[in-house]
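J.: First, the structure itself, so that you have it in front of you.
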Amino acid sequence: MKIILANPRGFCAGVDRAISIVELALEIHGAPIYVRHEVVHNRFVVNGLRERGAVFVEELNEVPDGAIVIFSAHGVSQAVRQEAKNRNLKVFDATCPLVTKVHMQVARASRKGTKAILIGHEGHPEVQGTMGQYDNPEGGIFLVENVEDIAKLGLKDNEELTFMTQTTLSIDDTSDVIVALKAKYPAIQGPRKNDICYATTNRQQAVRELAEQSDLVIVVGSKNSSNSNRLAELASRMGVPAKLIDDSNDIEPDWLKGINTIGVTAGASAPEVLVQSVIARLKELGVDSVEELEGCEENTVFEVPKELRIKEVG
């Protein structure tokens, strides 16, 4: 029995940056540091930061006046930013720059009064933050999750429309929705390149390659991680059993019955240490060799805010 490792896998530049912001804020300012929402969707990472003094909250009313608060990698609405300002909170923004790029598209549409359609998953914090960039009562922003939702929009074919997408979606599903949007609204405008981020795209492509060579695919990632769920769904769609696990403790020996090749990958918010523990556990269960796909190299780096950078360099 052998393992094939996906490449790339695990942390992306936005996650790296977000975790660094919390770590550096704790180092410079000391605990407690408040973080609005889980800074990234990974239980292991969040628990580690909590042990060091990060306090995770869902709303700013849980943060004392004048305290330090970090916005998670998923981004926040304009209303949350304004509330932080009104409360005199010291903010470090860990919003992924690729999410911020989508925020700017929405804000531009809002200023022009152009109606916007966001392709994304209802209730996901990134979607909440992105929709919260639109504040023009003359226009409006509408959420669609799938092709069926487009029929319910009730917008006129001839009105000025623009669309954007959540950054962690399935490339295939999103492509289908965009095709349907353009068919219903031929004049609709959108980004020159889709908003799905490079890391999501690369990890989905790696899982395609992995699934072609595997009898079982294991995705390391938390259940609330959008991009991790999409990786497991993609493998399943290709006809390969897929398991989404938080860590090696979730592995059930029965999964390996009749299996020769196990593909292993990790979502963009899952650290490599978890992948290595999964490999160790699978070796205990009979794996005798580990290979790695060649994949593509990722060199993207996002800098932390300058107030934290001085300490990092020093």
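Cβ coordinates come from backbone N, Cα and C, glycine included.
Pasting the relevant annotations from Swiss-Prot:
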type: BINDING; residues: CYS12, CYS96, CYS197; note: [4Fe-4S] cluster binding site
type: BINDING; residues: HIS41, HIS74, HIS124, SER225, SER226, ASN227, SER269; note: isopentenyl diphosphate binding site
type: BINDING; residues: HIS41, HIS74, HIS124, THR167, SER225, SER226, ASN227, SER269; note: (2E)-4-hydroxy-3-methylbut-2-enyl diphosphate binding site
type: BINDING; residues: HIS41, HIS74, HIS124, SER225, SER226, ASN227, SER269; note: dimethylallyl diphosphate binding site
type: ACT_SITE; residues: GLU126; note: active site, proton donor
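Could you give the neighbours, burial and distances for every feature on this list?
T.: CYS96 ([4Fe-4S] cluster binding site) is surrounded by 26 other CB atoms, counting those within 10 A of its CB over all protein chains shown.
Shown in sequence order, HIS41, HIS121, HIS124, GLU126, GLN166, THR168, LEU169 are the residues of the chain, 6+ apart in sequence, with a C-beta less than 8 angstroms from the C-beta of SER226 (isopentenyl diphosphate binding site).
Other C-beta atoms found within 10 angstroms of the C-beta of HIS74 (isopentenyl diphosphate binding site) number 28, with every protein chain shown included. Under DSSP, HIS74 (isopentenyl diphosphate binding site) is assigned to coil, being neither helix nor strand in the three-state scheme.
Reduced to three states, the DSSP call for HIS41 (isopentenyl diphosphate binding site) is coil. Counted within 10 Å of its Cβ, the other Cβ atoms near HIS41 (isopentenyl diphosphate binding site) come to 29, all protein chains included.
According to DSSP, GLU126 (active site, proton donor) is assigned to a helical segment.
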J.: To the nearest whole angstrom, state the Cα distance for the pair SER269 (isopentenyl diphosphate binding site) and THR167 ((2E)-4-hydroxy-3-methylbut-2-enyl diphosphate binding site).
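T.: Spelling it out, the Cα of SER269 (isopentenyl diphosphate binding site) and the Cα of THR167 ((2E)-4-hydroxy-3-methylbut-2-enyl diphosphate binding site) are 14 Å apart.
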J.: Taking each of the binding-site residues THR167, ASN227, SER269 in turn and counting other Cβ atoms within 10 Å of its Cβ, which one has the fewest?
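T.: Least crowded of the binding-site residues THR167, ASN227, SER269, by Cβ count within 10 Å, is ASN227.
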J.: Need this for a regression test: binding-site residues CYS12, CYS197, SER225, ASN227, filtered to those with Cα within 10 Å of THR167 ((2E)-4-hydroxy-3-methylbut-2-enyl diphosphate binding site). What's left?
T.: CYS197, ASN227
J.: Between SER225 (isopentenyl diphosphate binding site) and CYS197 ([4Fe-4S] cluster binding site), what is the CA-CA distance rounded to a whole number of Å?
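T.: Distance between the two Cα atoms comes out at 15 Å.
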J.: Fewest other CB within 10 angstroms, which one of the recorded positions HIS124, GLU126, CYS197, SER225?
T.: HIS124
